[in-house]
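> As annotated in TrEMBL:
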- Gly287, Gly288, Thr289, Gly290, Ser291, Gly292, Lys293, Gly294: ATP binding site (BINDING)
- 577-594: compositional bias 'Acidic residues' (COMPBIAS)
- 263-464: domain 'FtsK' (DOMAIN)
- 565-610: region 'Disordered' (REGION)
Amino acid sequence: MARNWTDQDGRRYPLAVPADTNAGAGGSVGAYLLHRIKPHLPPWLGVAGAGLAGVLGHERWANSAGAGVGLTLASVALTGTTWWVGRTTGKQRRLHSAITVAAGSAWLTAACLAGPTTGPVDDLYLMGGPGVALSWNVRMVMRRNEGAGEGSDADKGLLEKVGLARAQIGTAKVEPNRVTAPVGLDAGTQTNEDMSKALSHIASALDLPTSAVRYTPDPGSARRGELVIVPEDMLAEVVEWEGPSNLGGSIADPLVIGRYDDGAPLLLWLPGDPEEGRNSTHLLIAGGTGSGKGDAALNLLTEILSRRDVIVWFSDPKAFQDFAPLRPGLDWGEEGGAGTEVMVEAFQAVIPDRTRWLGAHGYRQWVPEAAQQQNSPERTCRDDGRPCGCPGMPFLVGWFEEAANTLRALGDDAFTGIAQEARSAGAALIVSLQRPSYDQMSTSTRASLPSVIALGCDARDEGFSLPDTVLAAGAHPGEWGNRRPGYCYCVSPGIPEDRYPSPGRTWRFTGRAVSVMELLATWSQRNGAKADPVTAGSAARIAGQLYTGRTGPDADQTALSVVEDDDMDNGPHVDPEDADIDPEAELPEPEQGDDTPIFGQESGRKPSPEEARRLLDDALAEFEDEGRMIVGPKDFTDWCDRNSLSRSWVSKRLKEAAQEGRLEPTSSTGRWRIVPALTVA
Ligand SMILES: Nc1ncnc2c1ncn2[C@@H]1O[C@H](COP(=O)(O)OP(=O)(O)OP(=O)(O)O)[C@@H](O)[C@H]1O
C-alpha cells in the first residue's frame, strides 16, 4: 500500500512510489478514459474560461479607456503576484506560471477592449490557448514519468520546500513504521551537509518530531545518502525489564539493554572481536538528571553479571542506592572516597599484568577462550610447548558511577593511558556522569571513551554526548531532556553506523525487578567467574585486605564488612577526618611536605628514629586494617594528636616510608598508597 504524509497545506507526499492505480479497470472504456484524461483537463478549462471572459468583458467594456487602464494594471499585478508567490517553487515552474498568467491576462485585456474576434486577437486565442494548455499537459506527463523513475514531483516538492529544490528522492522502501528512500542531491550545488541541516525542516513539513527524520550519508559520495523516516514513536510504550537476555552466555555475546524504535533489540558489545576486526571499548553513560541513567545502568549491569566469564569492579558514591540488590554479584564494590582511589590504583596495576598474561598465552586481545583453563598447546606459557593448564582470565569491567571527581583527580594523562592500555588487557571501563558536559569531563578524557549511551540531556550538551556526525544525521538527545526517560542513542563498535542516529529505549526497572536482581546476584556468586590469580594477585598487592574478590553466597564477607562497618560509623562516603576537605582543592606535593608544616602550628615531641619508624609502621598497619589504603598527611591529624607528634614530623616520615617502599605515590597529588605489609615483606 502507498504511504503518504499530508502537510499543513494539505499537500500529500508519497513516500512509496504508488502502484499505478487500477481505478476504472472494472468500469466502461469511457469511464476509464475520462479517469485518465481528468488530470489534464484544468489547463483546457482555463483556456475556455479565458475565452468566455473575453467575450463577456468585451460586452461590458468595449472601447472604455478607464477599463483599459484597469485591465492592464490588473494584468500586470496578477503576473507580478504569480512571480512572487512562485518564489518557493522550482525555477521552471515559476517561469512557466508567470508566462501563462502574463499571456492569458494580456489576451483577456485585448479581447475585452478590442473584441475577441478583432484583428489577430481570435487567431492568438486559437493558437496560443491550446499551446499554453498543452505545455501544462506535457509538464504533467513528464512529472508522472519522473515519479516512476528517479524522483517524484511530490518528493521534489518536499525537498523544494526545505530549500533543496533540485534534489531527488528515489524509490522508497516501506517497512512497518519505517520508510527509507535514497536521496540524490544536486551535483555541484548541494552536499550531504545541506541535507543534514534540512532534517528539522523536513520533520516540520511532515509534521513529525525531529528525531523521526534521519539521514545517513553515503560514505562514497558527498551528495548521496539515505533518508529514513519513522513516523510513529514506537518507544512511547514503557516496557519493563523481565530478566537477563542470555544467562550464562559469554560477555562477548551482545548485551541487550532495550529496543530501537523499529522494535529491533538495542545491543552493545564490550570486548572486541578479532574476527570482525572490532576492538574492545570503553563506555560513557551520559544523561541529564531524570533521563533514566539509573535504569540504563541497571540494564547494562544485569546483562554483564548474567555472563559467565566476566568480573566487575564497581564504584558508586551514591552508596549503591540503585545497585544494592546486585552488589553481592560484584567482584569488588566501593562506595567512592578512598575505596575508589584504591580501586583506580588497582585497576591501573592489573592492566600490565593482565596484558602480559594474555600475551604469554598467545592472545592479542581477550576472547572468551582466554577465560577457560589453558589446556591447548597453542595457548601455553610453557617454554617446552606443553599445555600449561593456567586458570583462565575472565574479562574485567571497571565501572565508575558519577565519576567526574575521580577522573579529575586522576588527571587526563593518567586516564587516557589507562583507557588505552586496558583495551589490550581484556578490560573495559564504564563511566557515568551526573551531567554530561565538558565542565564535568575534559575533552581528552571524553575522547578516551569511544562508546556512549546518550540519554536525554540539555540541548547545549548534545555535542558532548554524541559525535558531530551522529548529530548531523538527525540525533537530538537534547530534545528529550528528562521528558523521555530511558530514550537513548547508542554509539559503539559493533552497532551498524546507520543505527547511530536511531533512538532506542531501555527497559524500565520497577520494584518487582528487585527480587530478580537478587536472584541474579546469587547466580553470579555461584556460577559467575572468579578473578584469576593474576588479576586477584595484582589487586591484593595494591588494595591489601580491601580486595577480597567475589565471595560465594554463603561466605562471610569480611572485607566488605570492614568497609561497611566503617561506613556505618562515619557516613557512607567520607572519612570523618576528610569531612571538611574540599576534594577539588589542590593538595601539596608529597615532597613539599618535608619542609613545610602542613597542619599549622608545630607541636609535640620528637621521637627517636627507631621509635618514629615503629610508630609510623603501626599507623600504616592500622590504616591497612581499616581498609584505608590511600592516605594523605591530613589523615594523620588525629593520630598526631593522639601520639603528641608534630605534623611536619609526619610529613618527613611519609617521605621516608615512600623511600623504603612502604608507600607509593598515587596519581593524585598529595596522596600516598599504602603498599600492603605482606608485599613489602
Ligand atoms: N526505560 C524507561 N522507561 C520508562 N521509564 C523509565 C525508564 N528509565 C527510567 N525511567 C523512569 O524515569 C525516572 C528517572 O529515572 P532515573 O532516576 O533512573 O534517572 P537518572 O538519570 O538516574 O536521574 P538522576 O541522575 O537524578 O539519578 C524514574 O522514575 C524511572 O523509573
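Backbone N, Cα and C define each Cβ position, glycine as well.
TrEMBL annotations: computationally assigned, not manually curated.
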> Please identify which of Gly287, Gly290, Gly294 has the densest Cβ environment, defined as other Cβ atoms within 10 Å, among these binding-site residues.
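Of Gly287, Gly290, Gly294, the one with the most crowded Cβ is Gly287.
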> Within the set Gly288, Gly290, Ser291, Gly292, Lys293, which binding-site residues show a CB-to-ligand 1 distance under 6 A?
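Near the molecule: Gly290, Ser291, Gly292, Lys293.
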> Counting every protein chain present, what is the number of Cβ atoms, excluding its own, within 10 Å of the Cβ of Thr289 (ATP binding site)?
12
> Far apart in sequence but close in space: which same-chain residues, 6 or more away, have a Cβ under 8 Å from Lys293 (ATP binding site)?
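Long-range Cβ contacts: Ile285, Ala286, Gly287, Ser432, Leu455.
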> DSSP secondary structure for Thr289 (ATP binding site), reduced to helix/strand/coil, please.
coil
> By the count of other Cβ atoms within 10 Å, pick out the sparsest of the binding-site residues Gly288, Gly292.
Gly288
> Might you list, by sequence position, any residue in that chain lying six or more from Ser291 (ATP binding site) with a Cβ less than 8 Å away from its Cβ?
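Long-range Cβ contacts: Leu455, Gly456, Cys457, Trp480, Gly481, Asn482, Arg484, Pro485, Tyr487.
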> Mean pLDDT over the domain 'FtsK' (263-464): what is the value?
92
